[in-house]
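Chemist: From TrEMBL, here are the annotated features:
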DOMAIN    211-364  domain 'APS kinase'
BINDING   Gly219, Leu220, Ser221, Gly222, Ser223, Gly224, Lys225, Ser226  ATP binding site
Amino acid sequence: MIQHCPSPTELDDLELLVSGAYAPLTRFNEPGSVVTLALPDDVVEAELVDPEGLPLARVSTDGALEPLTHAQYGPFRRLHLTPTQVREHHAGATFVPVADALTDADLADLRGLGRVVLLALTGTGTGSLSPVALLRASLAAAALLDDAAVVAVPLPAHGDADADHALGTRVVATYAGPDPVHALADADEPGELPEAIAAIVEEDRPAPEEQGLVLFFTGLSGSGKSTLARALMDLLLEQGGRTVTSLDGDVVRRHLSAGLTFSRADRETNIRRIGWVAAEIARHGGVAVCSPIAPFAETREQVREMVESAGGAFFLVHVATPLEECERRDRKGLYAKARAGEIPDFTGISSPYEEPEDPAVRVDTTGRSIEDALQDVLVALDRAGFLHLTGADA
Ligand SMILES: Nc1ncnc2c1ncn2[C@@H]1O[C@H](COP(=O)(O)OS(=O)(=O)O)[C@@H](OP(=O)(O)O)[C@H]1O
Ligand SMILES: Nc1ncnc2c1ncn2[C@@H]1O[C@H](COP(=O)(O)OP(=O)(O)O)[C@@H](O)[C@H]1O
């Protein structure tokens with residue numbers, strides 16, 4: 001039986017299916033259900049493992065799940081209770097679904113309800129706070145109430161608002177059993193937060209100037225990616241205040257991706273490796289400047305997702321210098337070799353380049369100085385609020 005690591009949303013769904021929180025639903029891929037699992041082609045049975053390889057459950061041909069092990073690690077794992085455990089510990093309380101940090105007004109609303117259980121909806125894509133910050137904020141809120149407990153419910157979003165609302169309502173009702181559910185009022189304006197909660201939110205949502213940032217230059221060989229990336233890094237280092245890491249295409253291929261070819265599969269692997277490292281840099285608030293060709297839109301999107309789920313911002317720069325100009329420059333003599341058939345799968349000649357449809361900025365360097373072309377990038381970064389750099393000729 002093959003091992004398969006589900007996506008973060010599928011892992012959340014798996015936990016809720018196995019815990020009984022999705023009852024009466026007990027398996028993936030029931031007709032009409034948004035709780036789905038995509039297995040690799042032709043696979044109908046698999047052992048589902050977490051990202052570290054711990055076997056969580058077996059899924060059989062008919063879609064039935066056989067639980068194997070419960071996840072034991074991860075921050076606040078102790079707050080992940082099944083509905084049965086919640087009934088044992090918290091019967092008689094009022095149940096309150098919580099998707100965001102509680103405001104002063106929310107807390108005032110909850111006082112007087114007696115014992116409350118805050119069901120923190122920590123699933124992938126559900127709230128704007130990270131799961132750990134939502135739990136920290138909910139625990140801080142509980143400490144400000146007379147008698148409150150927090151339970152983590154990893155209810156993910158499935159991209160269908162109506163279905164997700166219906167599913168969420170059912171899950172909350174399953175946890176509450178016969179006890180009352182209290183919905184917090186939808187505020188039009190963001191409300192005032194108690195000091196302890198505001199500090200948690202601030203730490204989780206840094207200002208754009210402090211947020212981890214991945215500057216991703218994509219374009220044909222010879223378009224000017226490395227040149228612009230290097231010039232930008234120099235300005236950043238001159239200004240100081242941020243840690244900066246370069247992930248240049250050629251350099252990565254000499255180290256992290258040594259041995260990979262230019263086949264589609266190897267290029268995707270190369271870009272995902274760059275994305276993985278860049279996301280870790282962003283997670284710690286650093287700036288990663290990447291400059292690979294990255295010819296495939298789907299792989300670039302995967303990098304964006306990796307970076308954003310690590311709390312970073314992804315800023316895509318399309319260095320849109322046309323093929324004719326790149327070939328005219330032919331700084332490394334590679335285009336001549338590719339035309340002569342000496343280099344197979346050469347981007348722009350015998351291998352595709354998918355132009356980004358929605359880059360943060362597009363720069364054609366033809367007939368322009370490096371400083372001038374860089375200025376377009378600096379202006380876009382400034383407008384987005386991520387970096388405020390002044391070019392050498394500004
Ligand atoms: N077949 C083929 N196609 C494209 N490029 C080739 C090829 N063979 C070698 N080179 C050299 O490798 C550099 C591109 O590597 P990347 O890692 O950026 O490419 S990719 O993102 O994995 O597609 C690229 O560097 P840059 O010129 O800096 O883009 C080339 O120097
Ligand atoms: N406005 C410009 N911006 C960037 N590079 C330019 C510009 N004008 C000319 N060039 C030249 O184009 C070449 C681009 O090479 P490089 O930066 O290595 O591209 P890539 O990393 O995309 O392969 C360099 O020789 C650079 O000096």
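Quick reminder: no glycine exception, Cβ is built from N, Cα and C everywhere.
Any idea what these are sitting next to in the structure?
Modeler: Within 10 Å of the C-beta atom of Gly219 (ATP binding site) sit 30 other C-beta atoms, taking all shown protein chains into account.
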Chemist: Output, ordered by sequence, the same-chain residues six or more apart from Lys225 (ATP binding site) with a CB under 8 Å from its CB, or 'none'.
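Modeler: Expected: Phe217, Thr218, Gly219, Gly249, Ser291, Pro292, Ile293, Val319.
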Chemist: Which has the fewest other CB atoms in a 10 Å radius around its CB: Ser221, Ser223, Ser226, the listed binding-site residues?
Modeler: Ser226
Chemist: Across all chains shown, how many C-beta atoms besides its own are within 10 angstroms of the C-beta of Gly222 (ATP binding site)?
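Modeler: The answer is 24 other Cβ atoms.
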Chemist: Need the DSSP three-state call for Lys225 (ATP binding site) to compare against my parser.
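Modeler: SS state of Lys225 (ATP binding site) = helix.
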Chemist: At a 10 Å cut-off from the C-beta of Leu220 (ATP binding site), count the other C-beta atoms across all protein chains.
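Modeler: Around Leu220 (ATP binding site), other Cβ atoms within 10 Å: 23.
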Chemist: Suppose you look only at the domain 'APS kinase' (211-364); what would the mean pLDDT be?
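Modeler: Here the predicted model's pLDDT, averaged over the domain 'APS kinase' (211-364), is 97.
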Chemist: Determine the Cβ neighbour count for Gly224 (ATP binding site): the number of other Cβ atoms within 10 Å of its Cβ.
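Modeler: That number is 26.
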